[in-house]
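Colleague: If you scroll down you'll find the structure; I have some questions about it.
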Amino acid sequence: MEFRVHLQADNEQKIFQNQMKPEPEASYLINQRRSANYKPNIWKNDFLDQSLISKYDGDEYRKLSEKLIEEVKIYISAETMDLVAKLELIDSVRKLGLANLFEKEIKEALDSIAAIESDNLGTRDDLYGTALHFKILRQHGYKVSQDIFGRFMDEKGTLENHHFAHLKGMLELFEASNLGFEGEDILDEAKASLTLALRDSGHICYPDSNLSRDVVHSLELPSHRRVQWFDVKWQINAYEKDICRVNATLLELAKLNFNVVQAQLQKNLREASRWWANLGIADNLKFARDRLVECFACAVGVAFEPEHSSFRICLTKVINLVLIIDDVYDIYGSEEELKHFTNAVDRWDSRETEQLPECMKMCFQVLYNTTCEIAREIEEENGWNQVLPQLTKVWADFCKALLVEAEWYNKSHIPTLEEYLRNGCISSSVSVLLVHSFFSITHEGTKEMADFLHKNEDLLYNISLIVRLNNDLGTSAAEQERGDSPSSIVCYMREVNASEETARKNIKGMIDNAWKKVNGKCFTTNQVPFLSSFMNNATNMARVAHSLYKDGDGFGDQEKGPRTHILSLLFQPLVN
């Protein structure tokens with residue numbers, strides 16, 4: 001179907017303005033409407049207007065950054081540096097949020113390292129060096145076997161006891177073990193034993209307080225599951241304190257780059273904020289979450305690089321719509337209304353909304369207009385054809401999954417865990433986000449590109465599973481209190497007659513298994529140029545879920561933790 005067929009006339013494209021008021025509803029229906037009691041938005045427009053201004057958005061700082069980049073390139077390309085020092089430098093560059101600036105130099109260095117036989121690396125009997133070597137190569141898509149750790153294991157396949165005395169090597173192997181694939185038993189065993197050993201190490205007095213700090217940070221969440229940009233400030237502060245290996249030029253560049261990128265993000269947030277304010281939807285859907293800034297922070301977590309500005313704004317819009325529609329289904333709509341709304345999205349036809357309350361009509365109209373606009377921009381910028389049907393399909397699937405959950409709620413039905421996850425992975429909205437991501441950052445070219453999403457449904461499923469299960473771990477308590485439809489935790493507890501503690505442990509195990517499958521897919525394809533950005537975005541969506549729901553509901557309660565984190569990420573520059 002031609003894209004233009006889907007576009008309404010200009011007068012039909014106009015978004016409802018702020019002054020639009022919902023038509024009165026019957027009092028009996030108003031009384032049936034639920035409320036999640038979400039708190040008002042804390043990020044006021046006046047605050048955003050005053051705060052989103054940075055002195056680092058200027059040529060002076062960009063020129064200084066370019067000068068420092070050239071100096072660091074020399075360090076990375078130095079042929080006289082020993083292997084472990086080179087690997088540590090590459091590791092630091094990544095942790096400091098600078099890897100995108102040195103892709104060519106890092107690849108050349110790792111190509112040389114990967115060509116060396118493992119027995120000739122000089123790290124044969126060095127657990128730390130071996131683990132660092134394994135981690136860096138696997139992160140960058142090189143083939144490296146878990147068998148290189150065999151020499152550190154006893155006849156039972158567990159880490160030899162004397163290695164537990166070396167905290168630095170233990171920590172690096174723990175981090176490396178989180179990059180494991182399915183069936184890599186050595187890494188599984190190492191992760192299990194090291195998790196316990198590193199926790200116990202907190203009771204021992206180590207002279208290196210920096211190392212003890214790193215242990216606590218990794219046990220809280222391994223670096224592979226952290227959103228890189230969310231962690232950059234912490235890593236810069238940690239690197240600055242590591243006087244044994246700090247590189248002054250690299251540190252200066254890391255601080256400057258953070259501030260320059262933050263200035264770009266602030267410009268993006270201003271643009272997204274204007275879009276959101278002009279819609280006026282927050283004023284008319286009082287029951288729904290007004291979380292523009294949090295949505296933007298999630299988009300930053302998926303792709304922070306300056307060249308992805310338009311994609312970040314696109315993704316912010318999509319995440320906002322996901323939240324609003326989720327609240328329509330969870331809180332506001334009756335079952336009959338939700339069926340009409342689902343039909344409207346499925347048929348992409350506003351006539352299906354004629355019997356709906358004005359606020360639900362408005363919600364559909366915003367979805368319609370925004371999706372058509374995004375499809376047009378993708379077609380113009382990336383050369384794709386027929387994007388709109390792809391986008392409307394994932395929105396329809398999302399709404400159908402939400403409708404199933406609404407029906408479960410109305411019938412007080414608790415599904416089996418398998419039934420719940422089959423639907424819940426769709427209602428997680430990951431497919432919506434990933435399909436928008438795919439078309440936004442890739443370009444039409446080969447048949448392989450066009451078939452990629454279909455051939456990699458397992459990747460989409462496992463990313464969705466990680467997001468869904470993290471969501472349930474963080475929001476289950478609040479949802480049970482509100483009486484929402486059941487989560488995976490409730491389904492598991494009922495299915496096997498387990499305690500909540502046991503259910504949560506099982507859910508975390510499912511997340512671990514899903515990560516192994518994601519690793520197996522991503523680390524074997526991320527050297528393919530046209531896929532590496534998309535693969536990185538896909539795994540970042542899973543990482544955002546870990547961050548968002550680590551301490552509860554990152555969307556529901558802005559004050560509980562997200563506020564401080566967002567202030568640091570988007571508003572507070574680093575002091576040089």
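Each Cβ is built from the backbone N, Cα and C atoms, and glycine gets one as well.
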Colleague: Just to be sure I read the record right: Asp326, Asp330, Arg468, Asn471 are listed as binding (2E,6E)-farnesyl diphosphate in Swiss-Prot. Which of Arg289, Arg494, Arg504 is listed for the same site?
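Modeller: Answer, per Swiss-Prot ((2E,6E)-farnesyl diphosphate site with Asp326, Asp330, Arg468, Asn471), from Arg289, Arg494, Arg504: Arg289.
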Colleague: Is the motif 'DDXXD motif' (326-330) packed against any residues at least 6 beyond its ends, judged by a Cβ distance under 8 Å, and which are they?
Modeller: 34, 36, 38, 285, 287-289, 338, 341, 360, 363, 399, 402-403, 405-406, 427, 429, 484-485
Colleague: Indicate the candidate from Arg289, Arg468 with the smallest number of other Cβ atoms within 10 Å of its Cβ, considering only these binding-site residues.
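Modeller: Each of the binding-site residues Arg289, Arg468 was scored; lowest Cβ tally within 10 Å is Arg289.
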Colleague: Just checking a number: largest C-alpha distance across Arg289, Asp326, Asp330, Arg468, Asn471 for the (2E,6E)-farnesyl diphosphate site, rounded to a whole Å.
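Modeller: Between the outermost Cα atoms of Arg289, Asp326, Asp330, Arg468, Asn471, the distance is 19 Å.
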Colleague: DSSP helix, strand and coil counts for the motif 'DDXXD motif' (326-330)?
Modeller: 5 helix, 0 strand, 0 coil
Colleague: According to DSSP, which kind of secondary structure is Thr475 (Mg(2+) 3 binding site) found in, if we only use helix, strand and coil?
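Modeller: In the DSSP reduction, Thr475 (Mg(2+) 3 binding site) maps to helix.
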